[in-house]
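Accompanying notes for the structure given below.
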């Protein structure tokens, strides 16, 4: 849990903004969304495998585009 200390003469808005930024860096919102509903282990594996395939396809596309001459 991110903790911030409110500095002297710091407005509430600035402190709230710093807290939100620290929560975002810690990945709290993503974690809450991921744990909101139960996800079966097979579904998790399937989603991760699809993500891996997408990453590889994107990398291959970039490598091929880099080697292709446009003239």
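Just so you know, glycine gets a Cβ as well, placed from its N, Cα and C.
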Range among 24-47, 48-71 that Swiss-Prot annotates as region 'Disordered': 48-71
Number of helical, extended and coil residues in the region 'Disordered' (48-71), per DSSP: 20 helix, 0 strand, 4 coil
